[in-house]
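According to TrEMBL, the protein has these features:
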{"type": "DOMAIN", "residues": "B:17-243", "note": "domain 'ABC transmembrane type-2'"}
{"type": "TRANSMEM", "residues": "B:21-44", "note": "transmembrane segment"}
{"type": "TRANSMEM", "residues": "B:95-124", "note": "transmembrane segment"}
{"type": "TRANSMEM", "residues": "B:130-150", "note": "transmembrane segment"}
{"type": "TRANSMEM", "residues": "B:162-183", "note": "transmembrane segment"}
{"type": "TRANSMEM", "residues": "B:215-237", "note": "transmembrane segment"}
Amino acid sequence: MEKAVVAEGLRKSFGTVVAIDRISFWVNSGEVFGFLGPNGAGKTTTVRILTGILKQDSGRVLVMGVDVLREPTRAKQSMGVVPEQANAYGDLSPWQNLMLMGKIYGVSKRLRERRAEQLLSVLELLDRRDDKVREFSRGMKQKLLFAIAVLHAPPLLFLDEPTSGLDVQSARLIRQMIDQENRRGTTVFLTTHNMDEASRLCHRIGIIRRGDLVAIDTPEQLRKAIEERQLVEVKFNREPGDTGNLRKLQGVGRLEVAGGIVRLFTETPDSVIRELVAYAQKNGLEFVSLNTSPPTLEDVFVELTK
Amino acid sequence: MRRTTLWYGSLVVAEKNMRIYYLKAPVLIFGIILPFFLCLAFVMGRDISLSSFVPGVVGMTLFFTSSSVGPLVTPWERNARTYERLLSTPLSLSAILLGDVISGFIYGLAISFLPVVLGVTIFGCGLDNVSLLLGGIVVGAFSFAALGVLLSAPHTGAPSHIMMLSALIRFPIVFLSGVFVPLEKMGQTGRMIALFSPLTYVVDIMREAFHGGSYYPLGMDFLLVVAYFFGLFYVALHLHRRGLTKSF
């Protein structure tokens, strides 16, 4: 499988603070690669190096086979970027923003006009095409940034928290667009704090913690890696009293009680359920609800980044 | 799709700057209104020939206008969070800064013709050498625009800080460059200091173009103004590149 992005031994420090420490990974062509990590873990620094905005102290980045440090212009030509907390030009209209970026990427006038009209239409901004962007809501600005990133139909997209702070509809629309772009063959490098989004969109996920890449795999494999965090959730008709006895049930690793719901983390949900039934009978409790769930990506994330 | 070259990219950036920044209040205030009142303050109530004052005014206008766009663009874009977006495009930093220089150059070029026309038509100032005037304006505008871009290099979140800094640097230069007091009437120390200002040589070219009598040889004037352009642009590029780490 061809690789759209290859990062080898990337290191970057700011003064005495090491932002990323010799991380290596690759992104296959055509996949959506999620890049997760807590705040300050080094995600944005990594994206800025991959997109040629920052220079690494050591290591190498190849984007679509082109060395970003040696040939930044050629490498950047093949990517579309939605940087973290970036803005479109507020003094320009969406149309002028798109035309400006189209010119910068060398898209012909006819093509950029056609693409701009299509994108504004799909992103529900066509009727506001001549208004100043500074009058737009955060969601509208973010949609415009996405349109700017894909205007020149790049084979690779870097999206740094593209749905952060958006309302449900706007976030959903952006996710649909990411999915559509990916179906067309575009490789997507996605940074997000939204575990549900990462779980639904990403083929593979890399998790970074304090500048180190601590895991990289498919969401399913990552979940399997922490199977002991399977969850049994139970609600009785009344408070079970001393939860210490529940904690002693065979196979229970950890126990949380909140809002009358008892959460038991275990590697063996079947035996825990049997134990719970016996416990309920012995203590005259009735089940109101009983659920099991595998570990979520959020559980994986919390486990690997704590 | 065509590849984004240095010249093409810088022209696109210049066009963007012209659309966005030419009518911004800091550019109008520091580039046009302040120098206008500076001239008035110097001329009013004094017994001096207005026509002899025109070359200095043209030089000063060119200086203020050309160098007023550069200090605004990068700090404004950092503040508005459009700078990172621009850096992620195929534009090199050289192309972005050259675009800033070109937008400052065009601004200075356009506005400086106003005192030329007023000087010749209203104040009756003779114009001996139009080509020399044009040549001086062109090299001067490039050089001052590069100074403007250099002034925008310090990293700060507020554009107003940079505008204040640029005013602090540009105002003394005007008084030390033979704009209000001709070089031959300045003291030894004044003339020594004036040697370090690019405005000195541009005003000298203007004097020769309007009514002859340059203080320095014209070749030296042109050579130094061009050298200032390359020197200022090189230092600006270096400082902006170094500032990228601080920006993010």
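Including glycine, each Cβ sits where the backbone N, Cα and C put it.
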Can you tell me which recorded stretch out of B:21-44, B:130-150, B:215-237 has the most Cβ pairs within less than 8 Å of the transmembrane segment (B:162-183)?
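By the under-8 Å Cβ criterion, the transmembrane segment (B:162-183) pairs most with B:21-44.
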List, by number or range, the same-chain residues at least 6 past the transmembrane segment (B:215-237) whose CB is under 8 A from its CB atoms?
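Same-chain contacts beyond the ends: 93-94, 97-98, 101, 132, 135-136, 139-140, 142-143, 146-147, 149-150, 152-153, 178, 182-184, 198, 201-202, 204-205, 207-208.
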Can you work out which residues elsewhere in the same chain, 6+ from the ends of the transmembrane segment (B:21-44), have a Cβ less than 8 Å from its Cβ atoms?
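Same-chain contacts beyond the ends: 50, 53, 57, 60-61, 63-65, 67-69, 71-73, 76, 103, 107, 111, 159-160, 163, 166-167, 170, 174, 180.
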